[in-house]
Amino acid sequence: MSRSHLHPIPLQSVGSQDAPVPLPRPLAVPQNSSSHTWASPCGPPTWGFSCLLALQHFLVLASLLCASHLLLLRSLPPGGLSYPAAQLLASSFFSCGVSTVVQTGMGSRLPLVQAPSLEFLIPALVLTSQKLPLAIQTPGNSSVVLHLCRRPGCHSLELWNTSLREVSGAVVVSGLLQGMLGLLGAPGRLFLYCGPLVLAPSLVVAGLSAHREVAQFCSAHWGLALLLILLMVVCSQHLGSFQVPPCPWRPTSTSSTHIHVPAFRFLSVLIPVACVWVVSALLGPSIISLQLSAPTQAPWFWLPHPGEWDWPLLTPRALTAGISMALAASTSSLGCYALCGQLLRLPPPPPHACNRGLSLEGLGSVLAGLLGSPMGTASSFPNVGTVSLFQAGSQRVTHIVGLLCMGLGLSPRLAQFLTTIPLPVLGGVLGVTQAVVLSAGFSSFHLADIDSGRNVFIVGFSIFMALLLPRWLQEAPVPLNTGWSSLDVLLRSLLAEPIFLAGLLGFLLENTISGTRLERGLSQGLLSSFVAQEAQMSQKSREKAAQEYGLPFPIQDMCPCIPQPLHFLCPMPEDLGDEEGGPSEPGETADLLPGCGESCPACSREGLRSK
């Protein structure tokens, strides 16, 4: 099997301020009615269209939040919480919203939604399973579910609030550690050594890691789950190229332009979720989570603040669980940065963007832990998969998602409404988006020489061991026991993190086994290191990378005042290029968009990035 050669691909604008920019084809193709490539050639769309895309990202985020909280609450004894579960969910929404707005504005600058991930859930389950007397049961084809042990040999139960306080303490520790790593510049340095053989196995394992949880939620009603998956596939793929009649498009310029919009592709989440939600309402409440939707007197309005219920509990076990959370979440987020940049045809994130991104993600986790949330914040793989489904990404859309989460976090009663999302909807939405992440990981292997025995070993060993070790730990007849509870928590957490294991094994093997740059895929220009690609980038592409990953101008002007140890957070002078050399020439940005020169030859960078 011969390795396919890459063709040069013109970089696309990510629409970092406003405009959703579709993802291009790997090869340049002429624009026709059947092409999946669609662009906004004359500026950003209306606010209503941006809100429509944001609503669908919000539904994916809500599905991930409800699923992660449900998996955690199922491992705890019922009836032990002194406040409504909807209030706990609202605090998570608020911290996710704040983290999303800050991350998009000053972090990596990529249109990434921040949400809890499996990397926070696994150490939390390890903490609670060690603290509470639980019995393990495996019902059918679902994942392992922890039930309260009621046998005579079980010890007395501890308060539920104490367990959640300890988990919140671990979240705070993970946020502090992530922030410290970002300030020291460690993520940016390590990312330079992460080629396709490091990132691709991590993405594959990220797509596969949640399949048991997805099956558990879908098993509540396989008919509705299959209906949702079928509708999402039909809308995003089979009807993705179907163009609705021309609709008026009012960009920031005074001229009016008509453009065909692939409505089914842009509604490939909203239409299926709405249809299945209505059908499930007709079937009754038997497929709704009772742990989250139990009738309680949740307030209509409240202001989340630290110490609302009690302060996080810092223990040696919480410290080791926080270390595991930080390492796994950092690995996951770096993979998200690379995947999002790949989907939007941007250069890989430079070191300063990775450092800022992880620093602000750590700040979001600290906020979440102080607010009492048992989940931290990290870049969401399901939302990156949604970007691939829509083939469009925008900072404006991401900002709207963050504001929606913050608004919902102020009203626990409204957050409680989202707990009525049927379990098959949770499983179906997460299943499709995780499948997209999995396919993106497979598509990245062609950047390296896939015929090389070295590469075949690295890929196979990293993926297989990352999936084997958590399974071995789960099926071991005797639990891992070193005699020190804190060390047990650390080892059980890290060995159960598939993404961390895949990234660690791939990184070690890739950088210790000898191989040429061409063999390792460091000469291709998509997922190679930023330094290697920078030498091949044209001046125009370098300016575009600095524009997308650079800090906003008011903050950029403050970089000379930042202390020397924190210069890892600012772009280097060579990264800025000629970004401040004045406005772009007419038609410069039009060359980066397919068909833009014919439709609107007077477009400029200001038109694409204007409000």
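We count from 1, first residue shown onward.
Each Cβ is built from the backbone N, Cα and C atoms, and glycine gets one as well.
Check TrEMBL against the ranges 321-341, 489-509 and you find transmembrane segment recorded for 489-509. The feature transmembrane segment, as given by TrEMBL for the ranges 112-133, 222-243, sits at 222-243. Range 421-443 is the one annotated as transmembrane segment, of 53-75, 421-443 (source: TrEMBL). Your range for transmembrane segment, going by TrEMBL and the list 169-187, 397-415, is 397-415.
Taking pairs at least six residues apart, the transmembrane segment (222-243) and the transmembrane segment (263-283) share three or more Cβ pairs below 8 Å and count as touching.
Contacts between the transmembrane segment (455-473) and the transmembrane segment (190-210): present, as 3 or more C-beta pairs lie under 8 angstroms, all at sequence separation of six or more. Most Cβ pairs within less than 8 Å of the transmembrane segment (421-443), among stretches 190-210, 263-283, 397-415, 489-509, belong to 190-210. Proximity of distant same-chain residues to the transmembrane segment (190-210), defined by a Cβ-Cβ separation under 8 Å and at least 6 residues beyond the stretch ends, is recorded for 118, 331-332, 334-335, 337-339, 348-349, 351, 354, 381, 430, 434-442, 444-445, 447-448, 455, 458-459, 462-463, 466-467, 498-499, 501-503, 505-507, 509-511, 520-522, 524, 527-531.
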